[in-house]
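Beneath this line is the structure, given in structure tokens, with notes to follow.
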């Protein structure tokens, strides 16, 4: 059993000790990083969240305290009282490297088993072990630093929004299931057998209702939940910086959020974000970069070759254009030296995005090399090279298909080439852009109906509302995403605030009037009572912290994350619950049949 504090108070953090503290008697508390005996002296590196301080136990302390110090193992939790003195051998790699603590008293507060992972920065343990012993993983200095950054970020966000007239308000966690998009997490109701609450995918409807309520400016740092198949940087529960504003247009919301980003990056990293942030329409982003979240830290834009090749002798190209598709290409500077096997691998890569193949042209010193060169006249070939802006030493890569396939394949190929050839030269750059004028709707050919590209409450652009009846796919949205280095940092829109227009939107999405009122009647009813024009935005806080902390793994910025299958190694959730609990809720579980042959 560990020793009690008995009134002992810590008066300095280990990592805060400096030369200015020399001669002071202090008490520090923390965890033992390592313990070693050198020439009869016992040295302990003691760690807390602020850093590491060397503690020295001299041989004049007496046998009892020296033996006690020698017995200490890594991760023991201890308290040491003594005097800060100048260190004989300075360690320039440590902030506390000029001083050490000359111990006088020692308390072992608790002992530790041998840790299953090392508490160090360059940890190479398996993810499953790190997550199972997350409380140990979080002791590591780099993890501690990430969560200091997270704290500084949320404080900066709150400070800025408070200064700009926002009220921090909470919205319900137990709410109504309104399935349209990702699956809801459902919570059974004991009081209403057979009925369920849903955990919110976002506070979207409630924040709109708060605008109807007259609160004018709302924000919340809020947990959201989505029961979806997890990709690399997704979690089933995540944190959103959610805000909404009344009596605003799109430019007002974007300007406010540019100010927020500028404030956060300055406060947390000391980085000046240039504002106003550049803007790009969704159409331009797709045509130039094959993505609605383009990475603009490097060039290599997609070039449309359709007009150049529509009457050439290569049937693959002419058919693609004749069928309403396109022929487009990328130019990889210096890529002419790439071997045939590597080019073939790129061909296989684009096939994973439904492209039928990849045509290529190498511009070598000795001339043009390409398996498709024989289908073109010299004039046609030169026109392709000129249009692509290519020169000797470059490689042209071309895809021909329907537009959606061409743009997706080349967009992904552009990113693959960036990774392969390290095209992003300044890894510390923060390149922001707004993407605007998104399509309001997306058509699902399998289901034969339109879906909301963002959500059903997004306001159409004024000049496009007339097309809702005749050509819904043509309608653009008053929606905007903020993109940073090829990742969506946040997104929002101006909202519909008119009952009739909202009903029309539901109709276009295939809802009957009855089903729309059944799901969203509370919102439609509220719109009858003088709703203000309003709009907002939500930032993914976890993703923002990833950029600020310089990590590529979302699990690093969440205290207790789930794995790729939404499983918690620490608590082993989800788990089987007691039959009595299920019975009380009126739930019976059905085991899935083993379909393996």
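Yeah, the Cβs are placed from backbone N, Cα and C, and that goes for glycine too.
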Among 220, 235 - the residue Swiss-Prot places in the same ATP site as 226, 227, 228, 488, 540, 541, 542, 543: 235
Stretch carrying region 'Aspartate' according to Swiss-Prot (options 196-199, 200-203, 204-207, 208-211): 204-207
Separation of alpha carbons, residue 488 (ATP binding site) and residue 495 (L-aspartate binding site) (Å): 20
Alpha-carbon distance [residue 488 (ATP binding site); residue 454 (L-aspartate binding site)] in Å: 13
Largest separation between Cα atoms (Å) of residues that the record links to ATP, namely 226, 227, 228, 235, 488, 540, 541, 542, 543: 20
Three-state composition of the region 'Aspartate' (204-207), taking helix and strand from DSSP: 4 helix, 0 strand, 0 coil
Taken over the region 'Aspartate' (204-207), the model's mean pLDDT: 97
